[in-house]
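Below: one structure, written as structure tokens.
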Protein chains: 2
Amino acid sequence: MSSTSPTRSITPAIDHVHIELGERSYPILIGHGPSLWQQAQQHFPKGTSALIVTNTTVAPLYAQALRERLQAHYPVIHEVVLPDGEQYKDWQTLNLIFDALLGHGADRKAVLFALGGGVIGDMTGFAAASYMRGVPFVQVPTTLLAQVDSSVGGKTAINHPLGKNMIGAFYQPRLVVCDIDTLQTLPPEQLSAGLAEVIKYGPIYDMAFFAWLEQHVADLRAQQPDALRHAIRRSCEIKAAVVSADETESGLREILNFGHTFGHAIEAGMGYGAWLHGHAVAAGMVQASRLSHLLGHLPDDSFTRRLVQLLQQAGLPVQSPRIDPQRNTARYLELMRVDKKSQGGAIRYVVLKEPGKAITEKVDDATVIPLLDAIGRVTI
Amino acid sequence: MSSTSPTRSITPAIDHVHIELGERSYPILIGHGPSLWQQAQQHFPKGTSALIVTNTTVAPLYAQALRERLQAHYPVIHEVVLPDGEQYKDWQTLNLIFDALLGHGADRKAVLFALGGGVIGDMTGFAAASYMRGVPFVQVPTTLLAQVDSSVGGKTAINHPLGKNMIGAFYQPRLVVCDIDTLQTLPPEQLSAGLAEVIKYGPIYDMAFFAWLEQHVADLRAQQPDALRHAIRRSCEIKAAVVSADETESGLREILNFGHTFGHAIEAGMGYGAWLHGHAVAAGMVQASRLSHLLGHLPDDSFTRRLVQLLQQAGLPVQSPRIDPQRNTARYLELMRVDKKSQGGAIRYVVLKEPGKAITEKVDDATVIPLLDAIGRVTI
């Protein structure tokens, strides 16, 4: 796919990405200020009531403003404030949304608004998918990670005590509104964590975007609006192109998990919450890039070095941590096998055929072991 | 839609209804004995494991036989036995299915088999829709009601303390196997309750089928296999024709609720469980037929009299009960308004434009009140 000229794309105040999924198509609007919301309102689903679903962190910051923006469109607006955190992404918390809907007598013309990060988006989406077998919902992601990743693709879920995201639905929002003003309250490490997923889209799909990121990474960390808008738009476009071709995750979509097999092992191995997801993915992408070289796809380590430099400039870790003092390599392999649900045999990784093009490939442990053995011993 | 000749349809040993829903199409097979299951096996979804979901009543009767029929097709077969009854159609019981799947390490290639009545079908379907965002499932309905009604249409759900079927999904099975041998253990009143939904398909869609039922109602109650097979097949065909045209219940599908607005009021008014659903629908259809006459669609009460006679021959009640000693009419109206989620104004009923053709129509309370006032005072 060809790159987009940053000059052209930065000109308009509001960016618009169309997610083409037939009758389930929807727009993503990216921008800030009154003009963003004027456009957004034109896409609000019709309904007899609205329910804002948010959490205790986001509610005091943005719930009132959203409520005012909904007022002209829905006769009744309610709000449910969930506890904040991945540990609440469970049935009990989901049920608070159903309790609110039923308590307010909401019918099938209720519209849900997910105001928050990925957890709020996932839970609100699954509630919308299931309430009376499906009501419309709108994503208003307030973290960079949610804006570039979890609000596109229609994956909704809650966790089960025996596994993450085990219970859910493929269910598309009617509209996604990425208001970059909401990023101003995001802690810097969370902004960096979001940048990891932004950077990911370069090696898997679009090296011109990667080059643009190399030039603008400082602007992004400084929250320069035009730069943010372009980065979010291009990320959504790439994710959309991949997801449109594979809505229910049969194959192609796997390339979006570049760096995630190593990353998930880091998250699980360090104990959930110790490493931010985006940080683990950053270190994981470095490993996946090295593996691509070991497999003979990349001729040398020049791309890995570019990747390391950009990740560092984005404030992200590039070294994988030791997750077990005695048997670090074996533990990584165990966790990666669990992540991939491989019963045995070679694990399937997302690797780079070349910079800008990812593929999946089964790789023998013997090829991966040297990378894992080097953890904690090699400096970059 | 034209009727089907009973002579032609009774000839083959196994009936086959194709539910056309594009890539979500699936077959319903109706019959009994080894030949039914030989055909069914050709349609089993491929998978790495199977989970039979059943209940404490059905498990001792049919679980072992189903397990044997699956053995050649799935390397691993597990079973989860749920408590029996509508009161268990909740999240807690649903979670037993997820616990079983995750406890056995089931992946996205697990196949669920719903072995039981409507509650088992609804819960297994919703579990299949939600587990890892969707795994295949097969319906093996063991009640007449489930065979002719709940196993066709893709509606799955659980109850919430504040409302029935409030949380669910539209999700299609890959195959429905109606084994009429399983009806032999069904209590006679349950068989009659299933016949209420069978009879319903006549007035709403196909009066030739109604005439066939008038001739064969005794055979059906005696469980004559060819008669059962034809009744189930024609019921599924009609439901399929209606559902195919309106998969997610936007309008046309409402005609399937003929008799249900009155019927739901009876069920709720008498206390859930006091009247079987099919019994309440039978009495409700009589009211809906009378209402069609009051609205001027039916020229006289001759069709209502035919309907009453057939329902009685099927062992079904035709008189609506008084649900409130003091204010019976007002209570009916209240409950029908709740059922239809009408905030106020006229309630929408399914009525007969003519025998064999149903429509929905808003009807002023003033028109309905004489029918309700007559309850307990008029004998048929």
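Here the Cβ of each residue, glycine as well, is placed from N, Cα and C on the backbone.
Of the listed candidates (A:H260, A:H293), TrEMBL assigns A:H260 to the same Zn(2+) site as A:E197, A:H277. For A:H277 (Zn(2+) binding site), the nearest neighbour among the binding-site residues A:D84, A:T182, A:T185, judged by Cα separation, is A:D84. Cβ atoms within 8 Å of the centroid of the Cβ atoms of A:E197, A:H260, A:H277 (the Zn(2+) site) belong to the same-chain residues A:L145, A:D149, A:A196, A:K200, A:G259, A:G263, A:G278, A:A280, A:V281, A:G284, site residues excluded. Those binding-site residues from A:D84, A:T143, A:T182, A:E197 lying by chain B, with Cβ under 8 Å from one of its Cβ atoms: none. Distance from the CA of A:E197 (Zn(2+) binding site) to the CA of A:G121 (NAD(+) binding site) is 17 Å.
A:H277 (Zn(2+) binding site) counts 22 other C-beta atoms within 10 Å of its own C-beta, drawing on all protein chains shown. The average per-residue pLDDT of the prediction over the domain '3-dehydroquinate synthase C-terminal' (A:194-342) is 93, rounded to a whole number. For the binding-site residues A:Q87, A:T143, A:T185, the ranking by surrounding Cβ atoms (within 10 Å, all protein chains) places A:T143 first. Cα distances from A:E197 (Zn(2+) binding site) to the binding-site residues A:D84, A:T143, A:T182, A:T185 are smallest for A:T143.
Counted over every protein chain shown, other Cβ atoms within 10 Å are most numerous around A:T182 among the binding-site residues A:T182, A:H260.
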